[in-house]
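Peer 1: Dumping the structure here so I can ask a few things about it.
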Amino acid sequence: SSTLNNLFFFIFLFLSLSFSLSLFGQSSTPEVEKRSTCDRCDERLFCDCSSRNYRHVPTVTVTEVVTLDLSFNDITTVAEDDLREYTWLRTLDLRSNRIQSIHEWAFHLLQGLESLDLSYNQLAALNPVWFSKLLSLQHLNLLGNCYRTLGPGGTSLTRLRFLRFGNPALEEVRRGDLAGVRQLDQLEVYGNNLKRYDPGSLGDLWPLRVVTLRLRGPFQDNLTLVSSIFHDVSYSETFLVVADVLLSEKTSAAPFSEINRRRVRSILFQNATLTDEAMIHVLEVCHLRWTFLQSAWCCVTKLHILRFYFSSMYIFCMFYYQVMEVFKFTSFLNLGFLLKYLRQISIINCKVYVMPCLTSHLLTQLEYLDLSSNLLTDLTLTESLCHGHGILRNLRVINVSDNALKSLSIVSKLVTRLDKLIHLDISQNAYTSMPPTCSWPQTLTHLNISWAKLQRVTHCLPLTLEILDLGHNDLTAFHSVALPVLRELHLSGNKLRRLPPGWLFPSLEVLLIQSNTLNMFGPMDLQLYRKLRALQAGQNRFVCSCEFVYFMVWRWGGAVEGSVELTDRWDNYLCDSPLPLQGQRVDRVRLSPFQCHRILVVSALCGCVLASGILFVILLWKLHVVWYVRMMWAWLKAKRNSGNQRRRDAAGNAEPLCYDAFVSYSEQDAEWVEEFLVPELENSQPPLSLCLHKRDFLPGHWIIDNIINAMERSRRTLFVLSEHFVHSNWCRYELDFSHFRLFDGDSEAAVLVLLEPISKDDVPKRFCKLRKLMSSRTYLEWPQEDERRAEFWSNLRLAVRGGDELKD
Ligand SMILES: *[C@@H]1O[C@H](CO)[C@@H](O)[C@H](O)[C@H]1NC(C)=O
Ligand SMILES: *[C@@H]1O[C@H](CO)[C@@H](O)[C@H](O)[C@H]1NC(C)=O
Ligand SMILES: *[C@@H]1O[C@H](CO)[C@@H](O)[C@H](O)[C@H]1NC(C)=O
Ligand SMILES: *[C@@H]1O[C@H](CO)[C@@H](O)[C@H](O)[C@H]1NC(C)=O
């Protein structure tokens, strides 16, 4: 038994071992991570898979993707097959991932790729094999990785136009690194820590229209290196951007002579710090060259000089945010040799509060002065423009936008003697009112007084204006000021309720009047603008009346070819009222005819109702409906009465029958009844009692009640039929009631006497009852001959008493 036990133990051990082994084996196989799917593709075959935390290149939901944005993910590797499905790709953005390795053949299928961005990854080396099949590539961005060289050269990127490379780790650029690249348009090099540069490495990349160089380190350590780079990238058409540099000494200006020698005409300092010593040397280096070339201003006019300080001079193209020291003027005077060539000065957002008149005196060539976003006031502007004595005679454009100016009359006096001034931008200042009149130079055609607080326009506006911007003021009206040559008028952002009258602006071509309080405008308003081509009137408080909606849709809905074009989009034209339409696009509003022609529709409806009413009444009259209704009513009443009668009968105290017969006759036949019938029947033996309406009806009761009552209390009803009878309404009622009694079972109730021969067919159709009675029942005919009358009377008596069935 112990051996058996051991055997079991071993078997158990074996089993558990193999089990755990198999477990181990399972966990040790590499987990195949499923590729995620990106579904943010649009119909232009653009897939925006940016910032989705992908760790691998995802698959996408559409085929033939053209643009794939994978920026800002966590991709670390690009494997051989990752891009297999993207053969149609033109743009691939992989910037700001964590890519450390890319398979040699990863991009080999992307033969149509035009733009590849691998910037800001962690590539430690570049491999030319990656790009060897990218024959269409035009843009390549390799900035911000950690490669130290560009690697072995020999790329086949012959179509490349835009190249960016370099990073803080880049140490050397060797000859041949960019072999194969030709005809580059734009180059950006981040070489702040560059140590070695083989002269000529960038020398074959003609024409280089824009070159951005960040060479902070070399500018400090090895100016020879900077000079050779400058030498290699400078062509006369090149726009050179020198960024991130600190130039503190005289010598650091030396490389710029290289630029000068290559006749570069445009240079821009970006994020650069220059002491005034270095600055002057840079400018001198340029200046010497250019005076020789007689074109000194070329360099400087394109140089955006934005800040001047005494201790250090900053040259930026972008606005800088730090104020080092208050603006002083001495350095300007040092630059006097230079200032006389300046044609364009832009000192933007630099807390400048004055440009002294002394400096202005030096700027004899100045054509363009931009002092926007500074601290100028009326007083300091007066100093800067030398009290309006006409210094700066060559000025064509003055921009003092976004300062603290308050008086329009002061600024107009200051510029009035600048007889070449064309463009004056005094927008974003604190003007609150316009003086009644002002004086301006005769040449002024562009005036910008937008973003102020003007409430009224006056004749202060110069008549020579062609473009006037009064946008974003508080104007409530614009009339009475005519501007005969004005072509463009900007009035957006005011409080205008209607379009200004067009006859004031006979030359106006463009009118911008967005974001006002316009309720509507119409064909008449536009007709007055004889030359208007473009109109922007969106974002107003449109009242979507029928006229307005019809006008807009008719005018611009594609139906007519008009001269005026709406240049803003339809979705700016929203209804403000009426309430149910609020927020709807004017061109999508559907107004029913009822809303649009209310009066017309209401009157038509009323007419219809009236006409059909009249028709109805006529119909009623034609069809004797009134008569039928009255009959009906009476019938109902009779019905009730007979019901009552029966109940009374059941109780045993029925009203006794008082008459033998109720005589129903027409008034016209009264003579016959009174002369013949009554004496004959009432005086017979035994006498018959007759009920005659004339004699026996209770006065004061309603006639119908009386009739019904009389018939109820008579055994028979005697109808005296004649033409008159047929035409008498009352008689017909009587006839009718007796008919009920017939139906109630008293088949003998009616006795018919035919006073004159009328045939059944003479009776109008609607007296169907009478016709029925006449055909179902025999009647007594009043004989014309005297001898037959005795027989008639006896027959009649018999009938009334209730004898046998009468036979003619
Ligand atoms: C400056 O750079 C040039 C070119 O790369 C190189 O030959 C030279 O040795 C460098 N000089 C110094 C002082 O590093
Ligand atoms: C400006 O230059 C400095 C020094 O090179 C750099 O640290 C900074 O990032 C640059 N700023 C911009 C906006 O490029
Ligand atoms: C004047 O400066 C402002 C603000 O910098 C700018 O928006 C405007 O375009 C400039 N005007 C001209 C005529 O250059
Ligand atoms: C007028 O100035 C404002 C603000 O400076 C600017 O936005 C606008 O474009 C200028 N108008 C014209 C017609 O140039």
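The backbone N, Cα and C atoms fix where each Cβ goes, and this holds for glycine too.
Where the annotation comes from TrEMBL, it is an automatic prediction and has not been curated.
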Peer 1: With reference to TrEMBL, specify which of the listed residues CYS317, CYS386 is paired with CYS357 by a disulfide.
Peer 2: CYS386
Peer 1: If you draw a 10 Å sphere on the Cβ of CYS41 (disulfide bond), how many other Cβ atoms land inside?
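Peer 2: Neighbour count, Cβ to Cβ under the 10 Å cut-off: 19.
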Peer 1: Once the chains shown are all counted, how many other Cβ atoms turn up within 10 Å of the Cβ of CYS438 (disulfide bond)?
Peer 2: 18
Peer 1: Check the disulfide-bonded residues CYS47, CYS357, CYS386 for other C-beta atoms within 10 angstroms of each C-beta and report the one with the most.
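Peer 2: Checking each of CYS47, CYS357, CYS386, the winner is CYS47.
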Peer 1: Using DSSP reduced to three states, classify CYS41 (disulfide bond) as helix, strand or coil.
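Peer 2: Note: CYS41 (disulfide bond) is in a strand by DSSP.
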Peer 1: Reduce the DSSP letter at CYS438 (disulfide bond) to three states and note it down.
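Peer 2: The three-state answer is coil.
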Peer 1: Measure the Cβ-based neighbour count of CYS460 (disulfide bond), defined as the other Cβ atoms within 10 Å of its Cβ.
Peer 2: 19
Peer 1: Whole-number Å only: compute the distance from the Cα of CYS357 (disulfide bond) to the Cα of CYS438 (disulfide bond).
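Peer 2: Between the alpha carbons of CYS357 (disulfide bond) and CYS438 (disulfide bond) there are 24 Å.
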